[in-house]
Each structure stands twice: as structure tokens, then as C-alpha cells.
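Q: Feature list, courtesy of Swiss-Prot:
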type	residues	note
TRANSMEM	25-45	transmembrane segment
TRANSMEM	73-93	transmembrane segment
TRANSMEM	98-118	transmembrane segment
TRANSMEM	134-154	transmembrane segment
TRANSMEM	176-196	transmembrane segment
TRANSMEM	211-231	transmembrane segment
TRANSMEM	251-271	transmembrane segment
TRANSMEM	275-295	transmembrane segment
TRANSMEM	300-320	transmembrane segment
TRANSMEM	349-369	transmembrane segment
Amino acid sequence: MLLWLFEQLAGYHSSFQVVRYLTLRSLLSVLTSLTIGLVLGPIMIRKLQALKYGQAVSSFAPENHAKKMGTPTMGGILILLSIGISTLLWADLSNPYVWIVLGVMVVFGAVGWADDWIKIRYKDNAGLPARKKFFWTSVASLGAGIALYLIATQQSNAEYTANMLDLLIPFFKNLSIPLSIVPLGLAFIVFTYLVINGASNAVNLTDGLDGLAIMPVVMVATGLGVFAYLSGDIRFANYLHIPYVKYTSELVVICSAMIGAGLAFLWYNAHPAQVFMGDVGALALGAMLGTIAVMVRQEIVFAIMGGVFVMEAVSVFLQIGSLRMRNKRVFLMAPLHHHYEKQGWKETQVVIRFWIITIMLVVLGLMTLKLR
């Protein structure tokens, strides 16, 4: 929005052209979302307290979680609001990738909001019926996959189209799984669906301790922002042997907004948390990360950088599978962070150690740019 305005003003004075620079707009995006989150945070917390939108604690949760009862939830609304405003202000709104990510954010955020609201309003931990949740998240993720496929196939360069659809294998030069050979982009669309929904649910499962999910989200968004910047520049992409994708540079503005909004939320979510993000935040943020990973064609690297999210999700699958097949537990409690709590780790120890793991994994993900 402001990019368009400054482009009009550039005709009157050349100094307005400075806003065209992606690096400046990305920095302004961070500062804008950070400021919005910090300023509106106390207001949002007071409003949630007044509405009595407090967190319910499961009877199966570790004993030390009882003190979290009543802490305001649905704080993810503030995160999404900060990201949305910052993106609309500083991103190039003619870029289709910007609107796809925002669309995914809105739909997954709405599903998360409905899930949170039902849990609070009706004291029902089941939340939104699984069929409705599945339907709307499927609409958003499949819609994103179809849109990305159509954008890719509009290009006249067949090699470029293949680069936008095939699954890149990290640590190797020019090695990929050819999803593009399946007619009508079915393999690509289904794979996109799995990545977006998998990321959304994995982040949601991770969001069980104060600050545990939001900081890895910030770190992974930073890593994806680097890939978005490099893959959107044909010179960097060719030099680093990564796919050049025409529209991805503008995703840096969105990643920057996620970083600023996430850090602002962490200010109030740090232990002891004053507010929780709820499903409205976790589902949307995970879906956004998954969508951006698909756009920059770095799904496997995304799984590496988001290894904490992967471990949390896998721990739940293993626990459920083992209980059904063997009637035995693999972990003391799932997701994984609760297992370590049961072993005697303090909440802050679990959180900070998972942050450290994420830092190392994001660095490893970035190393794939040169280790080929």
C-alpha cells in the first residue's frame, strides 16, 4: 500500500524512491509489526481478561500446569493483526504470493479462532468438530496448491516451470524429485496440501509451554526469509544452485513481519506467560511457514530448520500408534516437551533447550546453500 503511494510521490521528488528497496521495506516491516504488537499487547490482554477468555488446563497435563489455568488465550489474534497490517503497508500488493500467504493466514486463523472460542464458550476441550476443521483447512491448503501450480504453468520456460514444481533435495546440486511429471500438477498440489497442514498442526502441537512455539517460529521465518531473498534473485539462485522463483523476494517482507510480531508476542508470552497464542495463532503461523517453504521450493530444508516442530508431531504419532498397537507408551507423555517435564526438567529448561536446538537446525538449513 505504502509502496504504491511512494511510487506516486516519486514523480515529485526522487527521495521517495528509496522505499522501492526490498531491504528497507523488510526492516520497516519488522519495526511496524513489533511496534503494533508491543503497543496493543496490554490492551489485548486486558480485553481477553475482561471477556474471561482464559486457558483451560487438561486433567492429563503435568501437575505444574495447574497455575496456568485462566491465563488469557487467543493472543494469536494480535500476532496475525500485526503481520497483516505490516504486510499490507510495506509489501508489493501486486505480487500474487503475498495474497496467497495472507489468504492462508486468514483461513487457518479463522479455523483456530473458532476452535478456541468453542473450547472457551462451551468448556469443551474438543473444540471445533474435526470434520469442519479438516474441510476449511483443506480448502485453504488445496487452494494455495492450485494457485501456485497455475502460476508456475503460466510461464513459457519449461525448465523454470519444473523448478517451481519439483521437490529439491538439499546437499546435492541439481537433484530433485520430479513432481512436475504427474499430470495436472496433482503430485505438487497434494504435496503442498501435506506440507501446509503438517506444518500447521506441528506448530500447534508445539505450543504447549510458555514461549516454546513462538521463538522457533521466529527463527524458522528468519531462515525462510533468507531463502526467499536469494531464490527471488536470478543471480543468487544460479550461483547457489537453488530454484529461481519469480515472486519470492516479496516474501521477505512477510517473514520480517512474522519476526517482529513474534518477538512482540514473546514479550508477553515469556515465562510466566501473560497470554497464550491459542490455536488461532499456532495454526495460522504454521500454515504460513509451510506455504512460504513451498513457494521457495525448500520443503526438506524447512523440515530440517523446523526440526523441533517435526519432533513434537512425530512424538504424538508414535505415542498414539504404540498405544493402539502395543498398548504401551513410547514417551511418558506426548507431545515431546511434556515427556521432558515428566522427567523432571523445568519448563524454562525445556523451552530454552528447544530454542538452542532450533538455532542449530536453522544454521544447518542455511548451510545447505553452500554444502552441495
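Along the chain as shown, residues are numbered 1 onward.
Quick reminder: no glycine exception, Cβ is built from N, Cα and C everywhere.
Each of these features: where is it, how hidden is it, and who are its neighbours?
A: Counting same-chain residues at least six beyond the ends of the transmembrane segment (25-45), those with a Cβ under 8 angstroms from any Cβ of the stretch are 3, 19, 72, 75, 77-79, 81-83, 85-87, 89-91, 225, 252-261, 263-265, 267-268, 274-275.
Within the chain carrying the transmembrane segment (176-196), a Cβ under 8 angstroms from the stretch's Cβ atoms is held by residues 104, 138, 140-142, 144-146, 148-149, 152-153, 161-162, 165-169, 287, 290-291, 293-294, 299, 302, all 6 or more beyond its ends.
Tertiary neighbourhood of the transmembrane segment (251-271): same-chain residues 22, 25-27, 29-38, 41-42, 45, 75, 78-80, 82-83, 86-87, 90-92, 97-98, 101-102, 209-211, 214-215, 217-218, 221-222, 224-225, 228-229, 232, 277, 281, 285, 288, 292, 295-296, 347-348, 351, selected by CB-CB distance under 8 Å and a gap of 6+ residues from either end.
Taking Cβ pairs closer than 8 Å, the transmembrane segment (349-369) reaches residues 170-171, 209-212, 215-216, 219-220, 222-223, 226-227, 230, 240, 242, 271, 298, 301-302, 304-308, 337, 340-341 in its own chain, all 6 or more past its ends.
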Q: Does the transmembrane segment (73-93) reach the transmembrane segment (275-295), going by 3 or more CB pairs under 8 Å (6 or more apart in sequence)?
A: yes
Q: Quickly jot the same-chain residues contacting the transmembrane segment (275-295) by Cβ under 8 Å, restricted to those at least six beyond its ends, or write none.
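A: Apart from its flanks, the transmembrane segment (275-295) reaches 41, 44-45, 48, 55, 71-77, 79-80, 83, 97, 100-101, 104-106, 108-109, 111-113, 115-116, 127, 137, 140-141, 144-145, 148, 191-192, 195-204, 206-207, 213-214, 217, 220-221, 224, 228, 245, 247-248, 251, 254-255, 258, 262, 265, 268-269, 301-302, 306, 309.
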